[in-house]
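Quick notes on the structure that follows.
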Amino acid sequence: MTNTWQDIKNANLVIVMGGNAAEAHPCGFKWVVEAKIENGAKLVVVDPRFTRTASVADYYAPIRPGTDIAFLLGVIRYLLEKDKIQHEYVRAYSNAGLIVKDGFGFEDGLFSGYDHEKGDYDKSSWDYELDEQGFAKVDDTWQHPRCVMSLLRAHVARYTPEMVSRICGTPQDKYLNICEMIADTSAPDKAMTSLFALGWTQHSVGSQNIRAMAMVQLLLGNIGVAGGGMNALRGHSNIQGLTDVGLLSNLMPGYMTLPADHEVTFDDYMKTRQFKPLRPGQTSYWQNYRKFFVSFQKSMFGDAAKAENNWAYDWLPKLDIPLYDIIKAFEMMNQGEMNGYICQGFNPQQAFPDRGKIRRGLSKLKFLVTMDPLDTETSRFWENFGPQNPADSATIQTEVLQLPTTCFAEEDGSLVNSARWLQWHWKAAEPPGQAKSDIWIMSQLFHRIRELYRKEGGAFPDPILNLTWNYTDPTEPASAELAKDMNGRARVDIKDASGAVVLKAGQLLDTFAQLRDDGTTDSGCWIFTGCYTEKGNQMARRDASDPREQGIAPNWAWAWPANRRILYNRASADLAGNPWNPQKPVIQWDSTKWVGIDVPDYGPTVKPSESVGPFIMNAEGTARLFARDQMVEGPFPEHYEPLESPVSNILHPKVSANPAARVFADDRKAFGSPSEFPYVATTYRLTEHFHFWTKHALINAILQPEEFIEIGEVLAQEKGIAQGSWVRVASKRGHVVCKAYVTKRIKPLSVDGKSTHVIGVPLHWGFTGQARKGYGANTLTPSVGDANSQTPEFKAFLVNVESVNGPEV
Amino acid sequence: MTEPPMADLQSQNYIRRSASTLTPPSVRNHEDEVAKLIDVTRCIGCKACQAACMEWNDLRAPVGTFEGTYDNPLDLDPHTWTLMRFTEYENEQGNLEWLIRKDGCMHCEDPGCLKACPAPGAIVQYANGIVDFISENCIGCGYCVKGCPFDIPRISPVDHKAYKCTLCSDRVAVGLEPACVKACPTGAILFGSKKDMTDWAGERIVDLKSRGFENAGLYDPPGVDGTHVMYVLHHADKPSIYAGLPENPKISATVEFWKGLIKPVALAGIAASAVVGFLHWVITGPNEVQPEDEKEAERVLAAEREKRGSENPYIGGGPA
Amino acid sequence: MTRPKGTLIRNPTLIRINHWITAACFVLLMLSGLSMFDPLLFWLSNLFGGGQWTRAVHPWIGIVLVVSYAGMVVQFWRDNLWTKDDSAWIRAIDRVLANKEEEAVPEVARFNAGQKFVFWSMALLIPILLFTGLLAWEVYFGTASSIETQRAALLIHSLAAIAAIIIWIIHVYAAIWVRGSMRAMTQGYVTPGWAWRHHRKWFRSLAATGSSGPRPHVDSSETRK
Ligand SMILES: Nc1nc2c(c(=O)[nH]1)N[C@H]1C(S)=C(S)[C@@H](COP(=O)(O)OP(=O)(O)OC[C@H]3O[C@@H](n4cnc5c(=O)[nH]c(N)nc54)[C@H](O)[C@@H]3O)O[C@H]1N2
Ligand SMILES: Nc1nc2c(c(=O)[nH]1)N[C@H]1C(S)=C(S)[C@@H](COP(=O)(O)OP(=O)(O)OC[C@H]3O[C@@H](n4cnc5c(=O)[nH]c(N)nc54)[C@H](O)[C@@H]3O)O[C@H]1N2
Ligand code: HEM
Ligand code: HEM
Ligand code: SF4
Ligand code: SF4
Ligand code: SF4
Ligand code: SF4
Ligand code: SF4
Ligand SMILES: [Mo]
């Protein structure tokens, strides 16, 4: 989230598209209700199904899964055509006026630089034209044919209302109505908030879905303001924390990236990370990259990381491919290239696409370790549970080790929520049985492995042997100790220019501004610096007071970065520093400093006249309508059909799906065709369950006991499917036999003149737990991911459905 | 008594007590009437309330099956005191609405269950308006089921006691809001004095009307003298579209008659017949066989004996 | 049981047993039913071990009653068929009530019109009570019919019960009032004088066929004449 949960109440328009906030985030959804009641806000829902969110919406429109980009580029076209953009804002805070290189182009669904052989782009043309000083050229009148605004106009011209409706199946009148509601928030004192989650991410064009809406928000001047923003409603209670501390295969803590193979030296590595400002006077905060990086290395390796060994740069793993995501991992298992797997708090047998492939992969392992409080399907993948898990145990040699762990209520710690708040929690109960904390288990592993390296040497023992491990109880570091490591300390007395000691050795740091690149500070995750200071555990703060009753309680827990609650809040004020919306100012310039309810984006005394852009992480200082080379499939979003789609791309049939998507050969063979699998399916969650674990809890099992699919009345009638009767749903990859919920909430969509049916598949069932045995939605889903993040395309694929007499036995 | 007195801790503020002919203890009269306001228009059907009710009251219905609806369990039962009922409704404009109503006891001001209950003190109403079942007094007859205009109480087949939402009388008694209210994430359930809730509903209705729900209104049916659980409805003119919420609930005329007039009349009738009998006895006395009757009978028998021969043992003869 | 010489059998053993089963059931049903009918009488439930027991046991007793009364119907129905004499007897009820049965009251066969009324009204009310009682029987049939039906059932059940109770009171009073009746149902016999006074036609038919009761010898009456 750029903003915070409470801030949603400041919105004039709430758009839930690409998510189902009421069902997946019922607690946070109270702020939407608050916006409606206290702020007279309208709620718009765009979803293939009429969801529980839609049940309290002012306006609902259906959309075919996987076509949001067409819808949103259509919205952009509408805004530009009707001139419903916030000009001053766009001019100052976006890259609309920057001029793009001559070689950049887009034709027949492909941007310039595509290599058909490799299925990949050479992105060198996706950049600005620079002047002699290395600054991007700019035309703030937006007249230049190659300025971003002109290119954007040309790019979205194809997305007429007719075209949007033909692609998305959304009736034109509904679509235009929504365009109008959105356009109204281009007024400087009006804000729209975008709430989204997997309805956008789980597509082969997932990241671009989000970009498209971010561009809409930018044009409307809705980023950085109260009640606005791009608000990704995150998933697991600490999934935000997971990304923050870099638990993705290509990341390091604080969104630093792992080196690639070709970045042999530390200097190579730094070159591509410390972006120089692309506009005069801009900050380009990544210029501080070195400080964050060195402090991280010091935190990891202590004294062993020193200037002489380039801060132990060589001890970091280097990537030979862009990333080792989960789809890749299971591909490698299937190819016999990965033969051990530690599955910590993860249930891929149910959670990942193409369950058959997952089972086959796990079956080829030498060993599988599961660390989980529950008896998951992954731990039992080898056992025959009937049609729901038809494993042939005798042929499976995998040794499975189940390690029972504690869960959050059985330990102290912090969780980072969607609003980037680090909230401390306290142990409430003793763990049952032999359960041990994840920290204990990992520590045990570490000590044993280090011992082995000590005794036996091995190929590359250095990183393991030199790892810092200073804890009161080395066998089980306390959560607070780990939190302090994340925060970081001064390693020596640190003096200011006058020689006075500003930080004593060992002192906890207050802000990442104190980090240094000379090895005198350490910090495990620079964005977290400030969470645990000499003043105590900031995450444990519980002061709910909200000084202006505007949804910002600065003393409740702690938000990264620097306790900032609304990112890009500088953009909430105009160039002179006066708030666009005087009713709901976030920060403003009082002629000497920035004041307000939030921590400003940059130094509190940086004058507006210095025109430092609010988007300090970007070298331009502005937000990007044109993404340069940051996205795999293009600097502008473009509508590509899902890998499995009932129609080919109307705009460019030859390049129907995302040309930059990574598809493994076997997975491609497992894609179905619309002739065989004529219906579009999408998968999603229900309020009553959390993924695959609440089925172990009796109350949840009672509230939603059995697997089912949702199917519209028209298709049900065609197929002779009665309410609550048994059906068999099949994709090229497998089938599920379960009950049917025949509903008015899914209606056939007219896509390019053809009636298209959507089938809804809730994902929660499996073969362990207290609810009734089920197959799980991922029996059906295709193994392909978003071209940027590799988030699987769970939300749009093809199936067939037929009525059957009863359950399979 | 082996069971601890359940929920009877509030016995001093009863205003109604089932099957009681004497005034129940009711000294605490300085109490506001309470109400739970369920704003159907902001309910997202998350069932947190249902789960909270199960948690607080330690209720666990059996794990059921999917039957083509999100209503789970499928109906109220002794373990399910509140239940979200989902209705897919196509309005006049042809737009879909998904109406989600939290079903459960309405805590009627004039409770039909209490009227019907034959067991003294099995159903009570507190001064704050809450209608509560006191299980130890319940005999399991099921009359409350017949008395209720909302089809709420359920009789356990195990212990033969009636169960329904207590409006968390145990929590309310110690100043807490009901468990379901506490759990509701959207504030769709509110709890407070009946007046405050009515006022707040008024504000909600203004907002709803401004959003095009011309018939938005408060459901506080006068037929049962109002309820202590009220709904804000988008379509207050058509309550029945909300999974059969009664249009104009009142205690059934059959029940009124059964539990009203016929009781005194019947008892009077029974007493009267006994009295008439007694008077007849006093006035007329017993109807006794007279010696003449025996003589006449003997005469007839003698004649008969003569006719047939005296050897006939049967006529007026010995043992059968 | 020894029957004094010269007396007539009014109610043979089997009938007496059955009658008293019926009577006992009825009394228990009445007591238990009334305890649920009116709070004034709820204390009666103590006789059954409390409300739960009362509620539980009542319908079962009802079933026993139905069975035993069915037996009585089999035993009695022929002698309860209505005749012209019965109508005349009803018209002369004032004299009957005044203990003046000899004054132009038609001669009575085995049962008088009052007894027939008891017999037939019970024969009507008990099935009604059974049927409505089953509908109201929460434990087994609580969901078998609509609540509306159950409401009507309970209303009818209680009305029928009240009617039955009033009839029962009349019946019992008659048994007390007409001396000798009790013995007829306890020990089973009546004196010829009792029969002559109250059921003269019955008496004549026994005498005429040489039967000592309870019914005339139909076959022998013809042959022996
Ligand atoms: N109750 C509950 N809450 C949860 C979870 C849970 O398991 N249960 N999981 C948590 C986690 S980990 C996550 S990541 C979040 C996810 O939160 P959400 O993303 O909100 O959840 P989903 O149900 O996966 O998908 C949301 C909606 O996307 C719609 N959709 C599908 N395809 C498309 C499309 O192409 N376009 C548009 N516009 N919509 C589409 C679906 O119909 C669905 O209604 O929820 C979190 N919260
Ligand atoms: N078809 C389809 N598939 C999907 C999705 C979809 O929308 N559609 N959504 C995807 C999304 S967004 C997500 S996040 C994934 C979720 O996929 P998973 O994360 O695999 O699913 P969970 O059931 O949440 O599994 C988490 C496990 O962590 C365990 N756990 C809980 N607390 C702890 C702890 O403290 N320590 C340890 N070691 N374990 C713990 C739980 O018991 C549980 O078994 O599913 C994905 N799969
Ligand atoms: C013939 C079979 C009978 C059956 C199956 C039956 C069943 C029932 C049932 C189920 C009830 C509800 C209470 C409970 O569950 O126990 C009831 C109530 C009652 N029964 Fe019966 N019963 C029968 C016969 C009788 C008879 C013969 C009488 C009359 C003497 C009687 C009098 C009553 C009364 C007065 C009530 C209470 C009604 C009220 O509360 O208004 N029942 N009966
Ligand atoms: C508990 C109280 C009862 C008493 C004291 C009682 C007494 C008697 C007596 C004395 C007779 C014999 C009359 C005769 O032989 O002419 C009789 C007959 C009879 N009783 Fe009862 N009775 C009782 C209850 C009942 C009940 C509850 C029923 C039916 C539901 C019943 C049905 C009959 C019938 C059908 C006869 C045969 C004569 C007739 O048709 O009236 N009695 N009873
Ligand atoms: S996990 Fe459940 S209780 Fe917790 S915030 Fe999300 S919806 Fe609310
Ligand atoms: S709703 Fe039914 S059970 Fe609840 S108080 Fe009213 S009559 Fe009684
Ligand atoms: S079942 Fe209902 S009516 Fe009967 S005693 Fe219990 S509470 Fe009262
Ligand atoms: S008030 Fe209490 S008993 Fe009633 S539904 Fe809510 S939680 Fe359940
Ligand atoms: S908890 Fe609130 S929002 Fe959720 S179902 Fe219940 S009333 Fe509706
Ligand atoms: Mo997630």
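Placement of Cβ uses the backbone N, Cα and C atoms for every residue, glycine included.
What TrEMBL records for B:1-26 is region 'Disordered'.
The compositional bias 'Polar residues' annotation in TrEMBL covers B:9-26.
Residues or ranges marked as domain '4Fe-4S ferredoxin-type' by TrEMBL: B:34-64 (among others). Residue counts for the domain '4Fe-4S ferredoxin-type' (B:34-64) under DSSP (helix as H, G, I; strand as E, B; rest coil) come to 12 helix, 6 strand, 13 coil.
For B:C184 ([4Fe-4S] cluster 1 binding site), the count of additional Cβ atoms within 10 Å of its Cβ stands at 26 [all protein chains shown]. The [4Fe-4S] cluster 1 binding site feature in TrEMBL is assigned to B:C43, B:C46, B:C49, B:C184.
DSSP assigns B:C180 ([4Fe-4S] cluster 2 binding site) to a helical segment in the three-state reduction. The [4Fe-4S] cluster 2 binding site annotation in TrEMBL covers B:C53, B:C165, B:C168, B:C180.
Listed as Cβ neighbours of the domain '4Fe-4S ferredoxin-type' (B:96-128) (distance under 8 Å, sequence separation of 6 or more from its ends, same chain) are residues 10-11, 13-20, 24, 26, 28-29, 31-34, 36, 38, 40, 43-45, 49-50, 76, 81-90, 134-135, 137-139, 141, 143-150, 152-153, 162, 164-165, 167, 169, 172, 180, 189, 224-229, 231, 234, 241-243, 245, 249, 251-252, 255-256, 258-259. Taken from TrEMBL, the feature domain '4Fe-4S ferredoxin-type' applies to B:96-128 (among others).
Marked as [4Fe-4S] cluster 3 binding site by TrEMBL: B:C105, B:C108, B:C113, B:C148. Non-local contacts of B:C105 ([4Fe-4S] cluster 3 binding site) by the CB criterion (under 8 A, 6+ apart in sequence, same chain) comprise B:W81, B:V131, B:F150, B:I152, B:P153, B:K164, B:C165, B:L167, B:V229.
For B:C117, B:C138, B:C141, B:C144, the entry in TrEMBL reads [4Fe-4S] cluster 4 binding site. Using a 10 Å Cβ-Cβ cutoff, B:C117 ([4Fe-4S] cluster 4 binding site) registers 31 neighbours.
In the predicted model, the domain '4Fe-4S ferredoxin-type' (B:129-158) has a mean pLDDT of 96. Here TrEMBL flags B:129-158 (among others) as domain '4Fe-4S ferredoxin-type'.
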Tally of DSSP helical, extended and coil residues in the compositional bias 'Polar residues' (B:9-26): 2 helix, 6 strand, 10 coil
Cβ under 8 Å to chain A, applied to binding-site residues B:C49, B:C108, B:C148, B:C165, B:C168, B:C184: none
Number of helical, extended and coil residues in the domain '4Fe-4S ferredoxin-type' (B:129-158), per DSSP: 8 helix, 5 strand, 17 coil
Residue pair B:C108 ([4Fe-4S] cluster 3 binding site), B:C168 ([4Fe-4S] cluster 2 binding site) - Cα distance, angstrom, rounded: 15
Cβ packing number for B:C46 ([4Fe-4S] cluster 1 binding site), 10 Å threshold: 25
Cα-nearest neighbour of B:C43 ([4Fe-4S] cluster 1 binding site) within the listed binding-site residues, B:C138, B:C144, B:C148, B:C168, B:C180: B:C180
Cβ neighbour count within 10 Å of B:C53 ([4Fe-4S] cluster 2 binding site): 25
For the [4Fe-4S] cluster 3 site built from B:C105, B:C108, B:C113, B:C148, further residues of that chain with CB within 8 A of the site's CB center: B:M106, B:H107, B:P111, B:G112, B:L114, B:V131, B:C144, B:G147, B:P149, B:F150, B:I152, B:P153, B:K164
Separation of alpha carbons, B:C184 ([4Fe-4S] cluster 1 binding site) and B:C141 ([4Fe-4S] cluster 4 binding site) (Å): 34
Pairwise Cα distance for B:C49 ([4Fe-4S] cluster 1 binding site)/B:C117 ([4Fe-4S] cluster 4 binding site) [Å, integer]: 28
Cα proximity to B:C113 ([4Fe-4S] cluster 3 binding site), best match among binding-site residues B:C53, B:C138, B:C144, B:C168, B:C184: B:C144
Filtered binding-site residues - B:C43, B:C49, B:C53, B:C113, B:C168 - keeping only those with Cβ under 8 Å from chain C: none
